[in-house]
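**Q** Got these off TrEMBL a minute ago, pasting:
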- B:145, B:200, B:228, B:229: S-adenosyl-L-methionine binding site (BINDING)
């Protein structure tokens, strides 16, 4: 309590002396509960006001995930593959991916489809925001893993990166992870869609996403880096994702 | 394109000369330990950190992608981080290229939100205290986005208007033709030879200032100069008034900046400094600290995407010399009749001195 008060009034040096600067990981910024509350509110407003502030979405996820993240971490701990991921802490980065090898894999395999997805949409796995406001080093890794796996979700669900595809993935993730940020995104995302797309969303895509989300095992419990050769369909079946409906996105 | 590249090279040469030159001239070493917020660094490091604060885009912790695009857009002459990220809400993977604005563009917005608009009142009070008459030559250092310069111009214009009106009142029997001619010739002289030179170390801030000037319709009497407060690119005894508003805190060697201020002022010239200072009232001080450390970095993160710069800002305010100490430093530089005025119980103070 005293620490919090001292930090609140900026007596950083006293706090430092007491416990050593508790920066738990390189991008960590320790924050007080008041700051987290302000950040959560501010980032929610800003993300709605300026949809291009993806960093605000990330901050919202970090500051509101205090219940969902430990749940996710426990799910990972109690699963053999998830446990291995927590121990080994793999990162999906351009530096760790062997792009030429992945490109050489047969069509329909996870690796090939993932690279195709990255190239078609001109994106790279390196632009994920590192976690800043999570006050536990392991949970910070969990949320980072979630962000890295997000692109793979697009590949597995067969959803493009337009607004509609994003909303669908968010629905799936909301059911899977329970992160408040996903729930909010799923709820507010459709606001900017056209009527036709809303109809497709409501009648076909969202029910499918929810069913798949409920049926599938935890998506963070899959060691994707060791399954590049596996065909996408086979992986879908294994996880429990139903085949995507054939709609024009 | 080649011309732009050449220009950039020259600018870079100028800029790289600026931080290095004072050291070479004055034989400074990489330096004794100085503070950067609550950290302790060498002088050299501090200059570079502060330099980078204003130059590098916020949200700079994010790794950059799209290097080709970055090269292509370099001619825009400010740092461009091209990030493709998702359809806005979900940082997924839609290739939406966005230019990350530098601190400069968000500077005014941040000022308004941090101080709830009160900074405008502080700057108004500064210019009123200055009470410039037409014909004054003002040097506004670290005045990048032009707030003081624009207020100065407005003030001088208003004074000039009143002068003209008074002059015309004394002429009793003017024909309409003569009145019309009077207005015509005086209209072209609305500033009465007053001039403002805005000097800033940061090109982006000057750029934003120029854009603002254009947008608000200020064209005459303004110059924009890139320069370092510790080594001003001006001759001795040039200016009537020297102001530095919320800039002296970022100067590594305040004593050098004060000496430079003394040098470039004419005899009879006035030095004015508007800066955050120390609150002596204990209750208010606690509340102020609470607001500073809890709210301001959050505002920085939400509005500008930059927690660290604004954490640095509040720490640097705490480290800045209090009113009496700054007064002593100004006197050491050679100024006379040095005085200060607290605004808002010491949250901000205006120091004033004269070169005699």
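Numbering starts at 1 and runs along the chain as displayed.
Each Cβ is built from the backbone N, Cα and C atoms, and glycine gets one as well.
Those TrEMBL annotations? Automatic predictions, nothing curated.
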**Q** What count of other C-beta atoms do you get within 10 angstroms of the C-beta of residue B:145 (S-adenosyl-L-methionine binding site), across all chains shown?
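**A** Result for residue B:145 (S-adenosyl-L-methionine binding site): 24 other Cβ atoms within 10 Å.
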**Q** 10 Å Cβ neighbour count around residue B:229 (S-adenosyl-L-methionine binding site)?
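**A** Result for residue B:229 (S-adenosyl-L-methionine binding site): 25 neighbouring Cβ atoms inside 10 Å.
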**Q** Using DSSP reduced to three states, classify residue B:228 (S-adenosyl-L-methionine binding site) as helix, strand or coil.
**A** strand
**Q** Work out the three-state DSSP category of residue B:200 (S-adenosyl-L-methionine binding site).
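**A** It is in a strand.
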**Q** Count, for each of the binding-site residues B:200, B:228, the other C-beta atoms lying within 10 angstroms of its own C-beta, and report the residue with the smallest count.
**A** B:228
**Q** Could you give the maximum C-alpha to C-alpha distance in Å for the residues B:145, B:200, B:228, B:229 that bind S-adenosyl-L-methionine per the record?
**A** 16
